[in-house]
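This report refers to the structure that appears directly beneath it.
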Amino acid sequence: MARMNRPAPVEVSYKHMRFLITHNPTNATLSTFIEDLKKYGATTVVRVCEVTYDKTPLEKDGITVVDWPFDDGAPPPGKVVEDWLSLVKAKFCEAPGSCVAVHCVAGLGRAPVLVALALIESGMKYEDAIQFIRQKRRGAINSKQLTYLEKYRPKQRLRFKDPHTHKTRCCVM
């Protein structure tokens, strides 16, 4: 059987946050996908495309799969952004340095946009976030998504006040 030429998963690390951006597996390629997740230590997978595989084998391996699909080529809806940032904050405050995998169909649009939002919310400028991701994932983020990220106004949701010093710091530092 001919194997589709898909980009390899890429790790994006920033301030004790680790993301694995990848394409979607199929039931036929699921074992390789699970091996990749284990190699990077990812215990959570965010699936932002339509279902293309059975998540039961991942769950049996202790990997949580979260489904937040949205339209290909489009920016994420507000609810997906809120849920994503809540998950990122909880995951990296609880276990700094852990890894969250996120995938769409090709790993070039929806998944990189969510990672860019996390970088922006933790203090990175949007231009730097895009460049940072594109250095690892060539062709990531289309023009409509670029415009969305340019207009996006962070609320510093991945930062918190230290009750002892009253200074704001990133929750994942």
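Cβ atoms here come from the backbone N, Cα and C positions, even for glycine.
Keep in mind that what you see is a predicted model, and the values were worked out from it rather than measured.
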Disulfide-linked residue for CYS104, taking Swiss-Prot as the record, within CYS49, CYS170, CYS171: CYS49
Alpha-carbon spacing, ASP72 (active site, proton donor) to CYS104 (disulfide bond), which is rounded to whole Å: 8
Distance [Cα-Cα, Å, rounded] between ARG110 (substrate binding site) and CYS104 (disulfide bond): 6
Mapped DSSP class for ASP72 (active site, proton donor), helix or strand or coil: coil
